[in-house]
């Protein structure tokens with residue numbers, strides 16, 4: 001069986017299993033602590049997300065590409081692994097300093113210092129979990145199994161410990177602890193299985209690596225302006241309950257994207273990078289042929305989710321979160337937009353068109369913040385919904401025309417016909433041995 005297909009099937013299975021955990025634990029927790037404390041928890045996580053972005057520095061994508069290129073060279077594989085881990089440790093130390101300064105100097109943040117500290121400890125696990133490494137060598141199932149195991153343990157602990165408003169701190173504590181243990185274990189497995197001896201690289205090389213990957217890092221920061229920053233702004237400009245209502249809907253959409261889109265994207269991206277590195281046309285054909293499949297799947301999913309939204313939200317979160325129904329329905333279009341733009345971004349990255357990703361997301365981020373600031377008093381948290389959907393649509397459209405200007409097309413509208421779709425299903429051995437030949 002082809003490696004890509006095996007990775008997709010394995011990830012889909014693991015994602016479906018991990019999909020059950022949030023649907024069991026999160027509704028229980030949200031019901032136990034209510035919208036206000038749900039808002040506190042999610043606001044804290046959105047704050048800490050800025051440090052996660054700094055520590056990750058876009059390595060989930062760029063690190064995957066680097067590893068996929070050198071995976072057959074043991075010496076370069078070890079060197080690349082140590083370069084990325086050393087850089088993430090360096091960024092973690094910087095994050096500690098910035099976290100303490102910001103949290104202690106801003107009254108709104110200082111009032112919940114303990115909660116933010118527990119949330120920040122999640123970053124330690126993020127430093128050592130080499131997701132990018134396992135994706136690059138196309139052993140995604142290993143990383144997924146480790147993450148799933150520790151997520152299961154922490155979820156069980158949360159289920160028994162978080163049972164009242166007073167215990168809401170434990171949600172972030174146990175979530176962070178699970179990530180720390182998962183990260184350390186994955187780090188150990190990577191070193192032992194692939195004979196990697198860890199050593200710190202020179203500071204000069206760390207700085208050089210940060211400069212090399214700065215474009216994609218900045219783009220991830222800008223992307224955050226229209227995702228997590230929405231929650232952050234709601235928390236600062238409105239109240240904890242508004243954060244709880246909005247974040248509950250966003251969490252559901254995130255689960256949908258994680259389960260339905262990420263396994264395909266994570267499995268195929270190394271193949272896209274490899275094929276485009278060797279043969280541009282074959283790489284483009286791969287993207288052009290998978291996009292219609294992903295599109296039809298997400299459209300069907302979106303229609304279904306929109307129709308059953310009242311039942312899903314009420315069943316999962318309870319009647320206290322009834323205001324999340326409308327938010328969730330508007331956000332149902334996000335999986336369609338983000339899946340298409342994601343493959344465009346992968347194509348740009350593989351072709352070293354990073355500057356376009358940065359420019360597009362920078363404009364999108366600025367527009368998102370502007371929409372929030374202008375309309376949040378009028379529309380409340382629906383201003384963030386408007387911002388989120390608008391910028392996702394803008395990114396998709398802008399990416400399409402940028403690639404077209406470069407003489408490249410990844411969204412071929414002729415492939416969206418029923419005849420073409422049947423052809424794609426019939427020839428799904430596109431990912432088989434024949435299709436991956438160079």
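Glycine too: its Cβ is placed from the backbone N, Cα and C atoms.
Annotated transmembrane segment per TrEMBL: 47-68 (among others), in sequence order. For the transmembrane segment (47-68), the residues of the chain that approach it from at least six positions outside its boundaries are 77, 80-81, 84, 87-88, 91-92, 94-95, 98-99, 109, 116, 119-120, 122-123, 126-127, 130-133, 135-138, 210, 213, 216-217, 219-221, 224, 228, 232, 269-270, 273-274, 346, 349-350, judged by C-beta separation under 8 angstroms.
Feature annotation from TrEMBL assigns transmembrane segment to 89-109 (among others).
The transmembrane segment annotation in TrEMBL covers 115-135 (among others). Beyond its flanks by at least six residues, the transmembrane segment (115-135) meets 40-41, 44-45, 47-48, 51-52, 55-56, 59-64, 67-68, 81, 84-85, 88-89, 92, 95, 99, 103, 109, 142-143, 147, 169, 172-173, 175-184, 186-187, 190, 266, 269-270 of its own chain at Cβ-Cβ distances under 8 Å.
Within the chain carrying the transmembrane segment (142-162), a Cβ under 8 angstroms from the stretch's Cβ atoms is held by residues 10-11, 14-15, 17-18, 21, 24-25, 28-29, 32-33, 129-131, 134-135, 168, 170-171, 174-175, 177-179, 181-182, 185-186, 189, all 6 or more beyond its ends. TrEMBL lists 142-162 (among others) with the feature transmembrane segment.
What TrEMBL lists as transmembrane segment is 168-190 (among others).
Annotation comment: TrEMBL describes 215-238 (among others) as transmembrane segment.
Annotation source TrEMBL lists transmembrane segment at 244-265 (among others).
Per TrEMBL, transmembrane segment is recorded for 286-307 (among others).
Feature annotation from TrEMBL assigns transmembrane segment to 327-345 (among others).
The transmembrane segment annotation in TrEMBL covers 357-379 (among others).
The transmembrane segment feature in TrEMBL is assigned to 385-403 (among others).
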